[in-house]
Amino acid sequence: MKSNKFVILVLFPIFALTTVFLIAPLFYGLGVSLFDFNPVRGQNPFVGLKNYQKMLNDAVFLKAVKNTLIFVLVTVALNIVFTLWISTTLVDLPWRRWRNFFRAIFFIPCIAPLVTSAVVWNKGVLITQGGLLNSLLGYFGIAPVNWLGDQNIVMAAIILFTLWADFGYNTVLFCAGLEGIPRDFLEAADIDGAGPLRKFMSIRLPLLGRTFVFVLMMTIISYFQMIVQFMVLVAKGGVNNSATTLAYYIYKNGFIDKNMGYASAVATILFVLIFTVSMVQRRLNRVDWEY
C-alpha cells in the first residue's frame, strides 16, 4: 500500500504537467478549430467543420502541404545519407583525438541559435550581391544567383541552410551507434576480403537498425515543425508562396491574420501527419538484432 502511494506521489507531477502543457492545449486547439475564432473580436461563432472544408479549396494550403512534403523528404534523405557517410568516416579514423576533434567541429553549427544562424546566412551567405555563395560561384565564372528571390530555387537554398545547421546532431548520434558495434565483426569481414561498402551494407547498417530508425523518425518529426528559416530567410512565405510550409501557414493565419480558428484546423492536420509518422516509428522500431 505504501509502495502504491509512493508511485502515485512520484507520477502525479509528471501526469499534471503532461495534462496542462500537452493534453489540454491539444483538445483546446481542436475545439478552437470548430469556431470562426478571432482573439480580438467579441463574437466567435461556431462553424463546425467549415474550417476543414475550406482547406480543400485553399490553394495556399495545398501549396504549403506540397512545400512541406518536398522539404521534409529531400532534406531528411540528404541529411541521413550525408551524416551516415561522415559518421562512418569519423569512426574509421585511427586516432581517437581526431575523431573527437572533428565531431566537435561538426557540432558547432548546432550550438548557435537557429535564428542567429539564419540571419548570418541571409545577410552574408545567400545575399545576391557580395554573398559568400555567389562569390564562390564567381570564381568559376558563374553569374550571381538570387537564392532567396527566385521561386524556383529558394527551397533549395533553405534546404542547404538546414543541412548545414542541423547535420551535427545526427552525426553525433550515428557515431555513438557505430562505435557500439563490436570490432570483431569488421575484422572478420576484413579477413574475408570485404570492402568498405560491403562492410557497411552487410554489418554496420543492419546492426545500426534501432539507432537508424530513431534518428530517421526524430529528424522527420523535427523537420515537419521547422519554421525559423522560413521566417528569417524569406519574407512572407516567398514569391508566390514558394517557401510557405504548414508551420509557417499556421503562424501567418494565427498571428498575422488573427484567424485562429483556421490556424488551429491547419495545426490539427499537421498534428495528424506527425502522429502518423510517430506510429510508423513505433512499428519500425521493432528491430530484431543481437550480437
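Note that Cβ sites are derived from N, Cα and C of the backbone, with glycine treated the same way.
Note that the structure is a prediction, hence the values are computed from the model and not measured.
Under the heading transmembrane segment, TrEMBL lists 7-28 (among others).
Annotation comment: TrEMBL describes 65-281 as domain 'ABC transmembrane type-1'.
Residues 106, 155, 158-159, 162-163, 166-167, 170-171, 174-175, 178, 200, 204, 215-216, 219-220, 223-224, 226, 245 of the same chain sit 6 or more residues outside the transmembrane segment (69-88) yet have a Cβ under 8 Å from a Cβ within it. What TrEMBL lists as transmembrane segment is 69-88 (among others).
The transmembrane segment annotation in TrEMBL covers 100-121 (among others). Only residues 6 or more beyond the boundaries of the transmembrane segment (100-121), in the same chain, are considered here, and those with a CB under 8 A from a CB of the stretch are 86, 90, 93, 161, 164-169, 171-172, 175, 228-229, 232-233.
Here TrEMBL flags 207-232 (among others) as transmembrane segment.
Feature annotation from TrEMBL assigns transmembrane segment to 260-280 (among others). Long-range contacts of the transmembrane segment (260-280) within the same chain: residues 26, 29-30, 32-39, 44, 47, 51-52, 54-55, 61, 64, 217, 220-221, 224-225, 246-247, 249-251, 253-254, each at least 6 residues beyond the stretch ends and with a Cβ under 8 Å from a Cβ of the stretch.
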